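Summarising the annotation, TrEMBL assigns active site, charge relay system to Ser220, Asp346, His375. The domain 'AB hydrolase-1' feature in TrEMBL is assigned to 140-381. Among the features that TrEMBL reports, transmembrane segment is placed at 25-49.
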Amino acid sequence: RPARAMDWQVLTRELSLYLESQVRVGLFGSGVGLSLVLGFGVAYACYYLSSIAKKPQLVASNARFCRFLEEYCPVVTETYYPTIWCWEGRVQTLLRPFITSRPQVQYRNELIKTADGGQISLDWFDNNDSLCYPDASTRPTVLLLPGLTGTSKESYILHMIHQSETLGYRCVVFNNRGIAGEDLLTPRTYCAANTEDLEAVIHHIHSLHPSAPFMAAGVSMGGMLLLNYLGKTGRDTPLMAAAIFSAGWNVFESVESLEKPLNWLLFNYYLTTCLQSSISRHRQMLEKLFDMDLVMKARTVREFDKQFTSVMFGYRTIDDYYEDASPCRKLKSVGIPVLCLNSVDDVFSPGHAIPVETAKKNANVALVLTSCGGHIGFLEGIWPRKCTYMDRVFKQFVQAMFEHGNKIFSM
């Protein structure tokens, strides 16, 4: 028996050495190592093609709107191939700001006054070199609304402007109060529920270019604000259409998702510190109304909103604020064509909270739901430096509405 044990030990050692030598050969040789690599690669490719790369779900009750999108915005019906090495939602969300390029954009800044004595910073990209629309008075205009702590410097905003520039359009970025470097003249910032500043901005832009076709696109909280505005105004708006990206539809569900341990570690705490940083520069102004020491102790978005946002805008409780800020409650009143892109693996806007049934009851609304993409991610291609799926949806939809929007009701 000892001899047999020795034989097995020798055989096992020799087999291990052989396998190690074959694995070391890697992709540049043959044998077990190459077979393992190829086998894993084939298995991963099969899994990716069968479970990850899918056509988005297009939800729209209006058959004419569907046909319009299929013809003039075909990207919403094509298979979305997320970047093969980072398709998971959290990874896409984390990597997008670092991977994507930042196109160079020269802005013209404008500060406009508000009725309460405050000011709003607008960054204009006039596109005066537009060959398609040389007449500035009729040049199509896109109003862009960044996310919660975002400004005109965000990579996703720069990409939208780059896409608009190639089409000859003008862009205006709406920077929420106090976050783009301008002074806070009153102890008031912004929130997803209060649309007064957005209404003032839309009226201002339309008054400057009343003959220009006018659209808006909102991202994350910017999309929530835009949806709440559209739900409030219905058809009574100078906007002809809107595009919404990664909006949080139900704020209760959003904060609950973000408070899960891993999501708190990856997103919630960092976002809370960003909110605190955005108001710390205005501490002297805000201390007139708020206990800033208490606000700066918040460790979650919910705590920040409870101590600061809901109080600022006069809500009795934070639940009252979250109910008013949730666009799902106003979607039924939207009166112009709206395209909304969400990924069902977005931890900021969980898939189960997307109001699919409500959207089906409004002929003006179309939802595009991808299985992957995260929050403002939608990376695609082996090395997703330039154009994302979200950028392509934006470009095709904006072009479709500006150039063929009158066909929606005749198809």
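Note: Cβ is positioned from N, Cα and C throughout, glycine not excepted.
The 10 Å shell around the Cβ of Asp346 (active site, charge relay system) contains 28 further Cβ atoms across the protein chains shown. Cα of His375 (active site, charge relay system) to Cα of Asp346 (active site, charge relay system): a distance of 5 Å. The two recorded residues, Asp346 (active site, charge relay system) and Ser220 (active site, charge relay system), have Cα atoms 11 Å apart.
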